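What follows is a short report on a single structure.
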Amino acid sequence: MMSGNYTSIDNQKVSGSVPSVPDPGLSGKFSDSNLQTFPPPNAHGKISGGSHPPRDADDTFSKPSSGSDEPQQSGWLRTFTIAAYKPYFDIDTTDVLERIKDSLFPFRGTFSEKTAGNPDLYGPFWICTTLIFVAASIGTFVTYIAHKLQKKEWDYDINLVTWSAGVFYGYVTIVPLGLYVILKYFSAPSGLVQLFCLYGYSLFIFIPALCLSIIPLEIFRWVIAGVAGFMSASFVALNLRAHIMSAGERWFLIVASIFLLQLALSVVLKLYLFTVTV
């Protein structure tokens, strides 16, 4: 009896004499804007739930980031920075192969339209580099076989590498620069990188042509050089024709000059690379 009364009295004292005090430090609302979900709903890249496979290159170094610590140059000084050339190397293997395939069908004339928004320098650089090594190796091999068949002494010509590098790198650089100035003079300016891209891919046809020059038939080598030169010249001329037509009545002379200059390149390659002298 006594213990029950004390218990009820204590409960009344505890419940009635201790009021609840709100804690201002714990009150508040959680904002949904500070919460993040993982994975993000629009995830892209190699960790994504999409049905398409990821692109074959990691674009960490090819796309500028807003929080980058690299100094941002402006004006003509930006030309001497790596960031100025990153967009022209941001291309997938699939895109390069597609553009190479377009160069093998020169009469379509749609290459410039397809690459207008994203011209690249990656493909032209590797095409020229591959041409240099293919020209040097094929020329050396063919010359070696020709000397051995006639039982003559053979010496390796290192000038074949330097000559090939000068021809291909020089042609794909100087000719687009000259054409850029000419088109600007005739009030039909074209993008310089677009011209580099067009001329670089136009040289791809000479890679299989050089490989076929192993066949020891002079008339066959002339045919191969002629077909390769005609296809390369047609590819460049037809892709620039629609743009150059805005230059006025002289557009035909400009297109014809572009065609003949590209054709002259094939003649030079035939005389110095497709011809074997013992």
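Backbone N, Cα and C define each Cβ position, glycine as well.
Per TrEMBL, region 'Disordered' is recorded for 1-73.
Under the heading compositional bias 'Polar residues', TrEMBL lists 1-18 (among others).
Residues or ranges marked as compositional bias 'Polar residues' in TrEMBL: 62-73 (among others).
Here the domain 'Yip1' (108-267) has a mean pLDDT of 88 out of 100. Here TrEMBL flags 108-267 as domain 'Yip1'.
Summarising the annotation, TrEMBL assigns transmembrane segment to 121-146 (among others).
According to TrEMBL, the transmembrane segment annotation covers 166-183 (among others). Away from its own ends, the transmembrane segment (166-183) comes close to residues 124, 128, 131-132, 135, 189-190, 192, 195-196, 198-200, 203, 243-244, 247, 254, 258, 261, 265, 268-269, 272 of its chain (Cβ-Cβ under 8 Å, at least six residues beyond either end).
Residues or ranges marked as transmembrane segment in TrEMBL: 195-216 (among others).
Here TrEMBL flags 222-240 (among others) as transmembrane segment.
Among residues of the same chain six or more beyond the transmembrane segment (252-273), those with a C-beta under 8 A of the stretch's C-beta atoms are 135, 138-139, 163-164, 167, 171, 175, 179, 182-183, 186, 202, 206, 210, 213, 221-222, 225-226, 228-230, 232-234, 236-237, 240-241, 244. Among the features that TrEMBL reports, transmembrane segment is placed at 252-273 (among others).
Proximity of distant same-chain residues to the transmembrane segment (121-146), defined by a Cβ-Cβ separation under 8 Å and at least 6 residues beyond the stretch ends, is recorded for 85, 88-89, 91, 96, 99-100, 154, 156-157, 160-161, 164-165, 168-169, 172, 193, 196-197, 199-201, 203-204, 206-207, 210-211, 213-214, 216, 269, 273, 276, 278. Long-range neighbours of the transmembrane segment (195-216) within the same chain, counting only residues 6 or more positions beyond its ends whose Cβ lies under 8 Å from a Cβ of the stretch, are 99-100, 102-104, 111-112, 115, 119-121, 123-125, 127-128, 130-131, 134-135, 138, 141-142, 145-146, 168, 171-173, 175-176, 179-180, 224-225, 227-228, 231-232, 235-236, 239-240, 262, 266, 269, 273-274, 276. Same-chain neighbours of the transmembrane segment (222-240): 103-104, 106-112, 190, 198-199, 201-203, 205-206, 208-209, 212-213, 255-256, 258-263, 265-267, 269-270, 274, counting only residues six or more beyond its ends whose CB sits under 8 Å from a CB of the stretch.
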